[in-house]
Amino acid sequence: MSNVPWLTVLCVLPLVGAAITAVLPDSAAWRAKQVALGTTLLTLLVGVVAATQYRIGGAQFQLVEQHSWIPAFGTSWALGVDGMSLTLILMSLVLAPVCILAAWHEVPVGGRREQNYFALLLVLITCIVGVFAATDVFLFYVFFEALLFPVYFLVGSYGGPDRRRAALKFLIFGFVGGLVMLAALIGLFAQSTGGPTAMLVTNLTGLQMGETAERLMFLGFFFAFAVKAPMWPVHTWLPDTAQQATPATATLLVGILDKVGTFGMLRFCLPLFPDASRWAAPVIIVLALISVFYGAFLAIASKDIMRLIACTSISHFGFIVLGIFAFTTTAANGSALYMINHGFTTAALFLVAAMLIRRRGSQLIPDFGGWQRVTPVLAGVFLFAGLAGLALPGMGSFVSEFLVLVGTFQRHPVAGGIAALAIILAALYILLMYQRMMTGPKPELATPVRDLTAREKWVVAPLIVALLGLGFYPKPALDVINPAMTTVLQQVGVTDPPPIAGIGVDTAKESAK
Amino acid sequence: MTLPTTALAALGTEGAATVHQADGIAGLGWLLIALPALGAALLLLGGRRTNSFGPALATGLSWASFGVGAAIFVEMLAKPADERAVTRTLYSWVPAGSFHVDAGIRLDQLSIAFVLLITFVGSLIHVYSLGYMAHDPDKRRFFAYLNLFIAAMLTLVVADSYLMLYVGWEGVGLASYLLIGFWNWNPPYASAANKAFFANRVGDVGMSLAIMAMFACFGTVTFTGVDAAAHNAPTGWVTFIALMLLLAACGKSAQFPLQSWLGDAMAGPTPVSALIHAATMVTAGVYLVVRSSSLFNLAPTAQLAVTIVGAITLTMGAIIGCAKDDIKKALAASTMSQIGYMMLAAGLGPVGYAFAIFHLLTHGFFKAGMFLGAGSVMHAMGDRVDMRTFGALSGKMKTTWITFLCGWLAIIGFPLLSGFWSKDKIIEAAFIGEGWRPWVFGLTTMLVAGLTAFYMSRLFFLTFHGRRRWLEGDHPHEAPSTMTIPMIVLAVGSVALGAVLNFAGFPGWLEPVVGGHGEEHPVLPVLVITLLTQLLMVIGVAVAWMKYWRDEVPQVAPRGSAVTRLAANDFYQDAFNDGLFVQPGNALANGLAAGDDTVVDGGARGLGVGLMDAAQSLRKLQNGYVRSYALTMLAGIVVILGTMWVMQ
């Protein structure tokens, strides 16, 4: 089993499914979603089998494959996973069939080609696996840019009324970020030791470079990742795009693709440019705090459900970035886990909101009211998703958010203390939305509305299981993530501050046993 | 007022050293939580299929949880005092870098007292709800939430670390939110639910910060670890942690300045008000302070803050209670005031901890009993709550009247009933100390005891005595036995629990957990304090008798004096919060949203417009600009690759 190129298989499988889907004749268009669902389920199965080959505490990168690609540029087709990318890939592979199932009726009959829609979704899955698994910086860049196109077409061709402008805005932001990163990439190549494997991330770690060069390259990478994440003040594409995108696209975009930004910070910015990372950390922590509060306030003021959820993500990404640049193992673990939890939380929010939007025919919050009397089960599920969004203890999102807070406080008590205030705003944006949409007298509806259907139950069930599972038993995920985060922080050259007073962790652990 | 800190620190360490591994029945302590949690899950996931047997199942599981708790208690009684505290690690919960927390339970003299209160009163209220909610179409969901509450509340009190306590802490907040908004088709009820959650979240910031600071300071968040390390920490840190815990307690226990949600929370069905918003959840703040005694003992400033918060709230609640005509809101104000007593006692340090918990237990019985009585009255009077339309119900509802009578006598501190043993002990403790404090706190608690007698008598007389002021069509009747039996049981507790706990030596029982204290004497002789308190009580009852029994009471409330209006409007706390937080917060959110569209997005949009123009011109060259962008991108990559290759 160890000779199987698991990661390449994971990349190629969705692509094969996409090809089959795309060539389906129009008479068999309805088969497109079935092929897509089958493909994603198969990919998930392969992903789970691949994950069983991963050994906790083994080499930093595992399931490694390496083939020379453009030796002149030091570039190889190099794939491999550490704990962080493994959990992100698994999260993406779980969300893929969930999104396909949720997208069952997203393409109206007699509208655009259904085959293309599902084919694009599958191409997106390929790019996602590739971008998380790439251990060659140039290969990462190629996937990073390639991601833009399926999303561009998914939003621009299948989205809401203002889809073209939103798609273009998304493309331009991504393109500009990518260009800046490319410049930094070329600079990095110039600094590298050369040779056919020069661009492998392991070969680029620990390079000796000038202070200015390092800082400039750090900024180049960081800018691209900050746009993707997205952080204030380069966040403005996200609410527009998410508002116009179809729910499945919005989920994949916000729930997974945006993670490429924070993933990139942990994979590239910190290990490749440790001195520059420490140099920039204070400013980035301030920007992250601004994002946390700014996103939350935007969400409170949002009248559009999809936009509101996108704005909460700006706030959540602020937390993730805060945890990354706090430079403690606790906060870093929290951020890496936050990426997983945020994927499930966002999926639950977007997909359940879409079920409501579909029934009501509007995505404006004021158009709802009293829907708990109309669709009680759907309302309950929506509340559940919302509680995950406000990081209620018991949900996975609480564990990760609290780890970020407690880890940040360890090094920066003021920043950690300020960030803690955001938990009030989280309650406000979620529960005010719930109040406006779900409570109040039962509305008069022209046509009867069904509660949660069997297909929709299959959409939400895995998300509920994942969120509760990661809330009450996050250990399996943390055990995989922890070695990766410890390595990253060693590369940055920081150690956890010891407790101010006390007998230390070891004694406490003993007494707990 | 308190023992020297070194002695207390020694006590703290000693307490930490006497924790043993759970074996026997205590090892099954997780069942306490699992049983009601299972009930909640079954009822919520089972859907309509569980409609027929769900409520009975939920009630049964709650009693089963009580059974487990009682067995653990009996087992604990058999052990010597210093071996009673046990812990059990359940599983490794959050192993993240240097932060490592296990899910574990801790059963000691303090937590078992809560376990018994929660499961016993909780199960009685399940039984009562079988009658009270019999005709509600969403009865199953109601019982699911009740079970969820029991599970969360038990998690809160048996947790062995602050992080796990936090799970229960927000879990009870969620259950409270769901149950306050149970009838949320009524918009004010939905707002009340949100208000409760938001006020609690403000408190939760305190809880979060306390835990964060604990980890930074001690490197652990278990009770055992924190107790052991507390005396090593700088006073500044300990004071900060203690004050943040106080903030958390203020949110959960509706203490000043986070008290405004409790009155609105009466929107929930009455059994909920009895269980969550009187007997158990709202007292969690007192539990938190007492549980953290090793920290508070080292932070005199924080202790003083606790005492002051308690003193303000107990006065404020009593004044509000005098002006409310809504029977549930009057009881809610009283709850606020009584928890103020407990909080004040907890702030007094080792002399007060045990009495805070003592009063918490007796209050749990008599206040829950009176809330159930109020529910019975509402049941009989068409779900009305305005006491001005009640009166003379004693003849029509004998059981409700007598059980309520027991609760009323207990809360006003009538000799030998439950409140007499617990509340008067707090008043005595408040008179202990040096300087101005015993006089201020002692006199406050004593005077408010008179006020308590007045407003509770007002409530009792307005409802059960005086002349009939019923509305047309009122036919009051006694409630079914599912409702009266729990009321009778709680009434027995209201009468006898105080004496039982007193003679069984309850304060001594708690001593291994909260620490002991030397013989200390109040600034006034105990007999004088007791007599003065009794005298004030008689005056309070007499004034209420004149105004609300002997004299005619108008059906519509008179305008009242400025003080009455101030109290009836809860000291205008809503207007205050609205002006200080809600309005500016909304303005900020809307301003930022508008600014985001124009200013922040402006720069980006300028760029976008430029590129859009470029796209337009490209469109002329190629078919459709969608493809042109893709091609441009690819062309760009090729050009750059080419350049790099040439440079190489």
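Note: Cβ is positioned from N, Cα and C throughout, glycine not excepted.
Noted in TrEMBL for the protein shown:
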- A:58-128: domain 'NADH:ubiquinone oxidoreductase chain 4 N-terminal' (DOMAIN)
- A:134-419: domain 'NADH:quinone oxidoreductase/Mrp antiporter transmembrane' (DOMAIN)
- A:6-24: transmembrane segment (TRANSMEM)
- A:36-56: transmembrane segment (TRANSMEM)
- A:76-104: transmembrane segment (TRANSMEM)
- A:116-134: transmembrane segment (TRANSMEM)
- A:140-158: transmembrane segment (TRANSMEM)
- A:170-190: transmembrane segment (TRANSMEM)
- A:216-238: transmembrane segment (TRANSMEM)
- A:250-273: transmembrane segment (TRANSMEM)
- A:279-301: transmembrane segment (TRANSMEM)
- A:308-330: transmembrane segment (TRANSMEM)
- A:336-357: transmembrane segment (TRANSMEM)
- A:377-394: transmembrane segment (TRANSMEM)
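Of the candidate ranges A:36-56, A:116-134, A:140-158, A:250-273, A:377-394, A:250-273 contributes the most Cβ pairs within a distance under 8 Å of the transmembrane segment (A:216-238). Long-range contacts of the transmembrane segment (A:36-56) within its own chain (CB-CB distance under 8 A, at least 6 residues past either end) are made by residues 1-2, 6-7, 9-10, 13-14, 16-18, 20-21, 62-63, 81, 83, 86, 89-90, 93-94, 96-97, 100-101, 118-119, 121-122, 125, 479-480, 483. DSSP labels the residues of the domain 'NADH:ubiquinone oxidoreductase chain 4 N-terminal' (A:58-128) in these numbers: 38 helix, 16 strand, 17 coil. Residues 5, 7-8, 10-11, 14, 33, 36-37, 40-41, 43-44, 47-48, 51, 54, 56, 60-69, 117-118, 121, 125, 128-130, 132-136, 139, 196-197, 199-200, 246-248, 251-252, 255-256, 259, 263, 266-267, 336, 339-340, 343-344, 347, 351, 354, 455-456, 458-459, 462-463, 466, 477, 480-485, 487 of the same chain sit 6 or more residues outside the transmembrane segment (A:76-104) yet have a Cβ under 8 Å from a Cβ within it. Sequence-distant residue pairs (6 or more apart) of the transmembrane segment (A:116-134) and the transmembrane segment (A:250-273) include at least 3 whose Cβ atoms are under 8 Å, placing the two stretches in contact. Counting residues 6+ beyond its ends, the transmembrane segment (A:377-394) has Cβ neighbours under 8 Å at 309, 312, 341, 344-345, 348-349, 352-353, 355-356, 359, 371, 401-402, 423, 426-427, 429-431, 433-434, 437-438, 451-452, 456, 460, 463-464, 467-468, 471-472 in the same chain. Each residue in the domain 'NADH:ubiquinone oxidoreductase chain 4 N-terminal' (A:58-128) has a pLDDT score, and their mean in this model is 88.
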